[in-house]
Amino acid sequence: MAPWRRLSVGREPRLQFQWIVICFGVLLSFANDSSGYFYSDSSAETNNDRFCFCQLQGTIDDCSCSVDTVDYYNNVKIYPRLKSLLVKDFFRYYKVHLNKECPFWVDDSKCAMRFCHVEHCEEKDIPPGLKGDASSYHKYIKEVQTLTNCNEDLDVELGYLNTSISDKAHKEFQRWADYDEAQDNFCILDDHEPGSEYVDLLLNPERYTGYRGESARRIWSSIYLENCFQAHSVKKKNAYSAMIPYQDMARNEVCLEHRVFYRMISGLHSSINIHLCANYLLSEKGSLGFVAPAGVWGPNMEEFERRFSPHMTDNEGSHWLRNLYFAYLVEMRALAKAAPYLRNEEYFTGLERDDREVKTAVKDLLTVIEGFPAHFNETAMFSGGTSSIKLKHEFREKFMNISKIMDCVGCDKCRLWGKLQVQGMGTALKILFSGKFDDKVDTSIGTKLKQQSPSLRLKRGEIVALFNAFGRLSTSIHELEEFRQRMR
């Protein structure tokens, strides 16, 4: 039996130690400089060495497919479809609360650079179907959209019974329903809170804004530290003393669930770093030497090497890049699992032609995703009896905490994309592990029924975040290939 499956009751102290070692090691390696920067006095590598560190090969750990398979499938089939889909109104307008206070420390490090600012939408630019209370999913139900009489009830008998229930009772029922639904969430949803507003993602692309220093370093430090057990008890001898090479994790009996958690966070971190390197602020001046209002942006090879090359990362950079592929496979599996549900969504914006095109494009993308030959197998996780229940709860609570840390990011644009990508990853985990998207099994005949639980609905914000977060990972893999081409 593989070491990561040896999970049994009474092993909690050992599991705690595993969290300490993995998370603290990753924290130290990423915290050498702000937002993942690495500096070194080492001499420059040869062109061959520079090329090799990002030329990944072989099987992706904890999955059954190779890097080459993902590269081809993403760059040829998935990335082009996502690129054309995510510019549509349903996916480009994201409702988010960017002015919440940091729950962990006094937020005194707001970025003053002009490129940190978020351009908000004007009311006239928002599609008519998204105006109003867009946090509720009820307006996206097909039956509601096709009602000709606003006073028409979907069920006459229930309507009659509801007349005897007070408004106060209705509110209590809704609170109970919201509480029950929240138990499936892996991240904070705040698009319904006062102060939330729509942001046009196309007007606010993810890129390097200049946000760095102690504030940026504290964010990533907190992400890792807040998700470790008793991490403060580990003595800091040097930057890599607590690091366990990934290939040694199995020998040290690091369970699958812990590895998945670490690799998803690391993969997200790597993806963000690639975006910043591919869309770097090269100059604030234009070709004539005058200040360019929009700045001059482009790929920065030196920055990419500082963040991932072996001599800058103690030979860990290639492992971090492989974790990007792992996070991609996990989120792709979530989309495949939720495909029957997502096909039935209306993707309503009030613009009939656009809505029809989006629905067709989504169905096409989901068909391609379902055709991937080697999906991540989530059923191997949380399958160890009583101890797995506790482990799953801890897994969820730790990821929930990361979504709270996003409210501490000092750069508004970085906060926007951080919240969106964490919410998208949290939605993927909700799909994979809530149990409500699992296929039902008819015990009398032992076959799976392609019918998912009607009790779970994804809000519009979750769907937008899910697709955009997967789009960010897909873009990172595509940009990584472009960095390889430049190195060649």
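The chain as shown is numbered from 1 upward.
Glycine is treated like the rest: Cβ placed from N, Cα and C.
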CYS116: disulphide-bonded cysteine as recorded in TrEMBL, out of CYS102, CYS111: CYS111
Candidate with sparsest Cβ neighbourhood (10 Å radius) among CYS111, CYS116, CYS411, CYS414, the listed disulfide-bonded residues: CYS116
ARG207 (FAD binding site) to CYS116 (disulfide bond) - Cα separation in whole Å: 10
Closest of CYS111, CYS116, CYS411 to SER266 (FAD binding site), Cα positions, disulfide-bonded residues only: CYS411
Nonlocal neighbours by CB distance (under 8 Å) for THR209 (FAD binding site), same chain, sequence gap 6 or more: CYS111, MET113, PHE115, CYS116, LEU281, CYS411, LYS413, CYS414
